[in-house]
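*Asks:* Heads up, here are the entries from TrEMBL:
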{"type": "REGION", "residues": "101-218", "note": "region 'Disordered'"}
{"type": "COMPBIAS", "residues": "106-218", "note": "compositional bias 'Basic and acidic residues'"}
{"type": "REPEAT", "residues": "263-296", "note": "repeat 'WD'"}
{"type": "REPEAT", "residues": "375-416", "note": "repeat 'WD'"}
{"type": "REPEAT", "residues": "458-499", "note": "repeat 'WD'"}
{"type": "REPEAT", "residues": "500-550", "note": "repeat 'WD'"}
{"type": "REPEAT", "residues": "551-592", "note": "repeat 'WD'"}
Amino acid sequence: MSSLTSVEMNFLVFRYLQESGFTHAAFTLGYEAGINKSNIDGNMVPPGALVKFVQKGLQYMEMEANLTNGEMETEEDFSFFQPLDLISKDVKELQDMLRERKRKERDKEKEKDKSKENDREVEGERSRLREKDRHEKLKEREKEREREKMERDKEREREKMERDKEREREKMERETFERERERMKLERERETEREREREKMEKEKAQEKQVGDGDRDMVIDQSDKANAGDEDHARSSAAEPMDITMTPASMPSHIPSSDVRILEGHTSEVCACAWSPSASLLASGSGDTTARIWNIPEGPLKSGRTINALILKHAKGKSNEKSKDVTTLDWNVSAAASSSLLIKYLPGEGTLLATGSCDGQARIWTTNGDLISTLSKHKGPIFSLKWNKKGDYLLTGSVDRTAVVWDVKAEEWKQQFEFHTGPTLDVDWRNNVSFATSSTDTFIYLCKIGETRPVKVFAGHQGEVNCVKWDPTGTLLASCSDDSTAKIWNIKQHNFVHDLRDHTKEIYTIRWSPTGPGTNNPNKQLTLASASFDSTVKLWDAELGKMICSLNGHRDAVYSLAFSPNGEYIASGSVDKSIHIWSLKEGKVVKTYTGEGGIFEVCWNKEGNKLAACFADNSVCVLDFRM
């Protein structure tokens with residue numbers, strides 16, 4: 001191995017000083033060491049040669065210190081030393097340092113392994129305790145569910161027995177009434193027969209008298225008969241509810257195909273539809289995770305004209321994502337154009353469409369199909385959704401047992417109302433700040449924004465309350481239930497004012513007529529309509545709480561009702577696939593249409609000359625209505 005001469009070392013130091021900028025030091029060293037007299041070719045020495053030389057020397061010492069018995073133990077990690085240690089210590093001292101360092105690392109590793117083992121044992125014990133606790137809680141919950149189920153079963157059985165007793169009592173009362181009426185009828189007939197016998201005897205006696213007297217007796221006899229007939233007619237024409245049933249003699253006219261347009265495009269059942277209050281736009285919501293806005297031409301429908309639809313997608317590329325099914329929708333009635341974000345979309349009513357879906361989100365869309373707001377707070381599907389009249393709040397009811405008021409301008413929830421113990425089935429605004437909610441828990445709550453407790457609680461139903469609707473003045477609240485009853489409540493009273501019990505099966509929906517105080521038809525009587533699974537529609541006098549008539553035209557459950565804007569007609573849609581349009585003035589069906597699937601909802605446009613319906617066969621239809 002060749003050694004480094006002092007001349008070569010001087011040259012390396014000279015070059016280092018030059019490269020480092022120490023010009024004077026380099027000149028002095030070069031002069032005193034006679035660098036210019038050496039035979040070293042400077043061009044052959046690379047830049048930084050001295051630094052590289054020193055680094056390689058240190059690396060050599062580091063390598064030598066890591067060698068044991070002349071060979072490196074490649075199984076172990078290579079250890080690095082500080083440069084000062086390499087310069088100030090010899091190889092043996094470095095090897096001692098290395099052995100001490102490795103011993104400490106091994107001790108630390110053993111301590112770490114021991115700590116990990118202890119942690120694993122502790123965690124294992126915690127896991128066992130958690131699992132045991134979870135099992136105990138599951139068992140407790142299961143026992144609690146079983147107890148609740150038994151209590152519910154007992155309650156249902158008790159309610160069933162009470163209903164059966166009530167029905168039996170009503171049946172007996174009806175039978176008693178019928179027997180009494182039959183007895184009175186027979187008594188009247190006997191009395192009439194006796195009267196005729198007396199008249200006959202009197203006539204025979206009168207034959208012996210003068211002809212004039214006989215004629216006068218005949219006139220009196222006829223007058224008495226007429227009076228008796230009038231009295232019988234008056235007794236038989238007392239205010240009894242009418243059963244209006246379609247008979248062959250009064251069969252309605254079917255709406256011709258030229259007056260019907262079938263709107264196709266949805267790929268699953270269509271469960272909601274609504275006309276815009278300001279334009280000829282029809283919105284529909286479906287189980288295919290979309291809503292659609294159809295631009296319906298003004299005037300009579302023509303088969304050749306194309307009807308376009310905007311598709312409002314609630315799922316991104318997954319049309320079978322059931323959690324995005326659209327369950328309800330509603331157009332804004334008025335607008336509060338003070339939001340910097342929404343101001344351009346709020347020139348008036350019917351400019352925004354709100355949709356609710358099974359993913360628990362409410363969405364707000366423009367008539368151009370733009371999604372401008374997604375409202376997330378619920379933890380379950382939204383079953384009902386309503387704008388207030390001012391248009392600044394949106395109200396939603398969900399399976400998660402809550403109702404939420406959304407501030408549309410701020411695009412955030414304002415208040416969540418957590419009063420019900422079962423899914424919230426329906427919501428309806430009383431005014432711009434208060435509303436009613438109904439639930440499977442049989443209760444109805446009247447709530448107000450800013451209040452943390454219900455303003456009023458209505459209790460009286462014995463089954464799920466499917467629908468609540470305020471009358472046009474916001475004074476009377478109507479409700480209907482699976483207990484086969486509808487009830488009318490007054491805001492000033494705690495108990496219901498009318499209990500409407502003529503249906504025999506669950507009542508699915510109710511509607512107030514657009515008549516009476518607070519409507520465009522103030523001089524007409526206010527009426528409540530109810531639709532039931534007993535296949536009938538019944539009309540009720542809201543003031544007296546009496547049934548006006550029963551509309552018996554459907555063959556299966558009736559799911560939907562809609563009064564025409566003038567209050568003269570009511571449309572009903574049924575699982576039997578048919579739509580009936582009833583004239584309330586004539587008391588009969590005047591138009592009918594039969595589709596290819598059960599009907600979930602019917603609705604009139606604002607002019608009252610078109611009726612829309614959504615079907616279980618994935619279609620929407622629009623009917624021209626002309627009388």
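Glycine residues also receive a Cβ, built from the backbone N, Cα and C atoms like all the rest.
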*Asks:* Who are the chain neighbours of the repeat 'WD' (375-416) in space, where the CB to CB distance is under 8 Å and they lie at least 6 residues beyond its ends?
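*Replies:* Distant Cβ neighbours of the repeat 'WD' (375-416) are 325, 327-336, 338-339, 341-342, 346, 349, 352, 354-364, 422-429, 431-433, 435, 437, 439, 447, 449-450.
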*Asks:* When DSSP states are grouped into helix, strand and coil, how many residues of the repeat 'WD' (551-592) land in each?
*Replies:* 0 helix, 25 strand, 17 coil
*Asks:* Report the DSSP secondary-structure composition of the repeat 'WD' (375-416) as helix, strand and coil residue counts.
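*Replies:* DSSP classes over the repeat 'WD' (375-416) add up to 0 helix, 24 strand, 18 coil.
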